[in-house]
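Marked as 3-amino-2-oxopropyl phosphate binding site by Swiss-Prot on the basis of sequence analysis: N6, R17, G211, G232, Q233. Among the features that Swiss-Prot reports, 1-deoxy-D-xylulose 5-phosphate binding site is placed at D8, H9, R43, H48, T98. Annotation comment: Swiss-Prot describes H41, E68 as active site, proton acceptor, evidence class sequence analysis. Annotation source Swiss-Prot lists site 'Transition state stabilizer' at E147, citing sequence analysis. Swiss-Prot lists H210 with the feature active site, proton donor, giving sequence analysis as the kind of evidence.
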Amino acid sequence: MLLGVNIDHIAVLRQARMVNDPDLLEAAFIAAKHGDQITLHVREDRRHAQDFDLENIIKFCKSPINLECALNDEILNLALKLKPHRVTLVPEKREELTTEGGLCLNHTKLKQSIEKLQNANIEVSLFINPSLEDIEKSKNLKAQFIELHTGHYANLHNALFSNISHTAFALKELGQDKKNLQAQFEKELQNLELCAKKGTELGLKVAAGHGLNYKNVKPVVKIKEICELNIGQSIVARSVFTGLQNAILEMKELIKR
């Protein structure tokens, strides 16, 4: 299984002081050496990664670059100019802390944007909710790749197997009934497996990501139809204590098959 290392949160730390440290390009070199792909989200509001970050990483790194971006003309034109290996189209809301759900596949610009990127020899992935309907739509839109949003799975795992329910970060809508949480967790894991199988049957390459960490990744790794995981925040958080290289290598060991 391949690991895409999302280095957005290195940029978050840099932007907190509006300085050039930590150096995102240095992080990209480490991710390129020890991971399989560099994933970078250039948001409309440029809250962390900047245009020059993407340009430098594409210019100087040998690894495949997976650019996450919204259906924004300015950023799509940047992608067409710089030509990352892949563009993963994601939804985006200015007020969100992180990407909260899958892409709306009924967007009028979507098909046209996919065609433009593919005509420039850029692979296109769609970041979608794990639903059979969205997988069928992705196939009809002629995307080559899908990335299943694992956020709900990750939230359920946290609620079940950590103390988050007793902290300020608890998701109250999940409730605290362990039996109910366990049933939801098992159902969501089965759903991810079903969706991954459906995507593979339709000829799509299947990735997964969002909220995956060192404690919850193993069950997802067992879904053999998923060929790639894109993981960022948990790796960067671990790197504070172990260093980025060790954090990546530890995750690589966990996702070995």
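Backbone N, Cα and C define each Cβ position, glycine as well.
Overlay of Swiss-Prot feature records on the structure.
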residue: H9; record: 1-deoxy-D-xylulose 5-phosphate binding site; DSSP class: helix
residue: R17; record: 3-amino-2-oxopropyl phosphate binding site; DSSP class: helix
residue: H41; record: active site, proton acceptor; DSSP class: strand
residue: E68; record: active site, proton acceptor; DSSP class: strand
residue: E147; record: site 'Transition state stabilizer'; DSSP class: strand
residue: H210; record: active site, proton donor; DSSP class: coil
residue: G232; record: 3-amino-2-oxopropyl phosphate binding site; DSSP class: coil
What does the structure give for the C-alpha distance between E147 (site 'Transition state stabilizer') and R43 (1-deoxy-D-xylulose 5-phosphate binding site)? Integer Å is fine.
18
Are there recorded positions among H41, R43, H48 that sit within 10 Å of N6 (3-amino-2-oxopropyl phosphate binding site), Cα to Cα? If so, list them; otherwise say none.
H41
Recorded positions near H41 (active site, proton acceptor), in sequence order, restricted to D8, R17, H48, E68, Q233 and a 10 Å Cα cut-off:
D8, H48, E68
DSSP three-state assignment for H48 (1-deoxy-D-xylulose 5-phosphate binding site):
coil
Rounded to an integer, what is the Cα-Cα distance in Å between R17 (3-amino-2-oxopropyl phosphate binding site) and H48 (1-deoxy-D-xylulose 5-phosphate binding site)?
11
Counting across all protein chains shown, how many other Cβ atoms sit within 10 Å of the Cβ of E147 (site 'Transition state stabilizer')?
31
If you count the other Cβ atoms within 10 Å of each Cβ, which of the binding-site residues N6, Q233 comes out on top?
N6
